[in-house]
Amino acid sequence: MFKKVLVANRGEIACRVIRACKELGIQTVAIYNEIESTARHVKMADEAYMIGVNPLDTYLNAERIVDLALEVGAEAIHPGYGFLAENEHFARLCEEKGITFIGPHWKVIELMGDKARSKEVMKRAGVPTVPGSDGILKDVEEAKRIAKEIGYPVLLKASAGGGGRGIRICRNEEELVRNYENAYNEAVKAFGRGDLLLEKYIENPKHIEFQVLGDKYGNVIHLGERDCSIQRRNQKLVEIAPSLLLTPEQREYYGSLVVKAAKEIGYYSAGTMEFIADEKGNLYFIEMNTRIQVEHPVTEMITGVDIVKWQIRIAAGERLRYSQEDIRFNGYSIECRINAEDPKKGFAPSIGTIERYYVPGGFGIRVEHASSKGYEITPYYDSLIAKLIVWAPLWEVAVDRMRSALETYEISGVKTTIPLLINIMKDKDFRDGKFTTRYLEEHPHVFDYAEHRDKEDFVAFISAVIASYHGL
């Protein structure tokens, strides 16, 4: 096992990795910049080093991070998610410098990061894929020809995409021609190249993903699926495990396919295969994420498997201690992302200082966060404040527990997604499992909530009115 690990990330995921390392008896090294010198992950780590002043490139400075690991005697680097987590050049640099990258081999990251190549690999492994182009589109004329063959609507998306960028839905040829150039330009701006794919667009889809875990000796298991259909701007907001869509037979069938595919590409570490699902539960491969997912806790809650610890164990050369038969799915887990955003203003970021912060607790409730009173929400990073996770033996109980926990969670100073999430938990369609990736568009009433006023603010307001009235 490693003696020291450098965590090349920030926020809640850095705290999560540091906690896992501590439980394994591993010393931890945090990195930070000038504006995050008092951040929670910095305080939690055994050692912490400021490696930059500019908050925009601190966690993207691959060479400086690897050099620091060598300087302080860290044998491995955990990249978390985002930043350099799926950067094959960073993983390769670690290998070249003799540092263990806690994740899959850089060649696999490179392969699965290319949507066109990854789709070809999945096809060969027998995993269903969405009908569409076999590779990168040559031009808009080829896109028009394929769209005519498979029928509208179709989806244009960037081959190197992620985070919902470079994606366009086209319902006819006119929209396809117009969106082709827009998608191309967006892809160039976001990913450095404009390679586009075209696929059949599945109406009323669900977003289903399978968690896999493999070691360096060819052993691979799956930990079931998650439903991540409730999204804003193609980014996840609520995640559920297991899904309400798949039957046990479908779970076993698709689980065996993802395990087979992972073995064929030589995958080790934690990974997630993402699918789009139609109303009958047919799954079609979209992409593979070669890192820990934001939503991994819901899978941990229903399986009892600590995914982050196993990432570290596998990187250190340990064999998996589980067979597929050992994995049992117990109850239901829901995760809500608490973001510093204003849902009523198109989820615009809410910048400011957290003035009041109270976290819920109790049986079946888990909070992953790096926030506290006085925590500064800046424009430099993702708006995630915390992840609220609940578990219960029954779906209805899990939903009620999440609603209650959300109502108990107190954050002031910035707008958050909490009021919206409370309304989602109360919504009959959500409770009945009748939701797709279009849920928020089709349920505008969940945005209808009163702005919360803190008791202290209200008392101060009344006091000011009284003082003004009496001329005080």
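Cβ coordinates come from backbone N, Cα and C, glycine included.
Record features (Swiss-Prot):
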type     : residues       : note
ACT_SITE : Arg291         : active site
BINDING  : Lys115, Glu199 : ATP binding site
DOMAIN   : 1-445          : domain 'Biotin carboxylation'
DOMAIN   : 119-316        : domain 'ATP-grasp'
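Where Swiss-Prot records a feature, it is marked here on the structure.
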residue : record           : CB count, 10 Å
Lys115  : ATP binding site : 24
Glu199  : ATP binding site : 22
Arg291  : active site      : 26
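Look at Glu199 (ATP binding site): DSSP puts it in a strand.
In the predicted model, residues of the domain 'ATP-grasp' (119-316) average a pLDDT of 94.
Straight-line distance linking the Cα atoms of Lys115 (ATP binding site) and Arg291 (active site), rounded to a whole number, equals 16 Å. Glu199 (ATP binding site) sits 25 Å from Arg291 (active site), counting Cα to Cα. In three-state terms derived from DSSP, Lys115 (ATP binding site) belongs to a helical segment.
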